[in-house]
Amino acid sequence: MVSSPTRYLVFFQYFGTKYSGVMETSNDQSMVGVQNYLEKAAQNLKPVVPIKFCISSRTDTGVHALCNSAHLDIQRAPGKPAFSEKQLVYSLNYHLKPEPIRILNAYRVTNSFHARFSALSRTYIYRLLMGCTHYSEIPVFERDLCWAPTGGYLNVPAMQDAAQFLLGTHDFSTFRSLNSETPFQSPVRTILQADIRPSSGFLSQHYEHRGLEFWELKFRSRSFVYRQVRRMVGALVAVGQGKLTPHHIKELLEIKDSRAFPSNAMAPPSGLFLKSVEY
């Protein structure tokens, strides 16, 4: 008699610089997805059926995750008990060892649970570094983990005023990049949180004399359209640089056209982190 599979929800993190994003890609590419490594590690558990990770939240090439999530079904050979949550975390991490990917927690869930559709909200943070007049001034320990916009310091109060226009339910067509799924997805999203606050850098207490400032932009919503966070950050930075006014953010929302987004204003992926997925 074949035993029924056990479904787990796993939370995991990764340093995204070397991956083509979180989603699975064909293995012949020079960069592959985090999912490729997760599923390769899972096959070492010797399941009866190959294990597929159903990822809750897509992230692009170079984007990091402090905590992403996925569900997976594991069917073991007859007579073998289901893995305990602790066993699953330990075993997957053992086989992920060479990669900057870590399983944080695992929970047994019902078979009707879905990592993507059961999520109540997702929180992203974007790390900005101010005070650099040239990219060579970025601390080596912060490379690929923040964005240092040219021109040094930004007008943070103006950025905070502009961020208020993003709160609530809007058509975010101007703030999404186009991809193959765009025609099938609604551009309407509800932003529950849009904060800009001072932050700390890695080992920053050791180079305080350099006058560098770290800031964190935090956005929370049930879901986001394609590249929405990077476009919102880029537009807010343009406000901070004086290229746009806070009211321009409201106007961009009202235009509802991705082609109206200022050219070259999208923030790079390196400063973006998926902070958490809430259930």
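Quick reminder: no glycine exception, Cβ is built from N, Cα and C everywhere.
Per TrEMBL, the feature domain 'Pseudouridine synthase I TruA alpha/beta' maps to 13-117 (among others).
Neighbour count (other Cβ atoms within 10 Å of the Cβ, all protein chains): 17 for Asp60 (active site, nucleophile). Taken from TrEMBL, the feature active site, nucleophile applies to Asp60.
According to TrEMBL, the substrate binding site annotation covers Tyr124. A C-beta separation below 8 Å, combined with a sequence spacing of at least six in one chain, links Tyr124 (substrate binding site) to Lys218, Phe219, Arg220, Phe224, Val229, Leu272, Phe273, Leu274, Lys275.
Confidence across the domain 'Pseudouridine synthase I TruA alpha/beta' (162-279), taken as the mean pLDDT and rounded to a whole number, stands at 93. Sequence annotations record features per position, and here TrEMBL assigns domain 'Pseudouridine synthase I TruA alpha/beta' to 162-279 (among others).
Under DSSP, residues within the domain 'Pseudouridine synthase I TruA alpha/beta' (13-117) fall into helix, strand and coil as 24 helix, 26 strand, 55 coil. With DSSP states grouped into helix (H, G, I), strand (E, B) and coil, the domain 'Pseudouridine synthase I TruA alpha/beta' (162-279) comes out at 47 helix, 32 strand, 39 coil.
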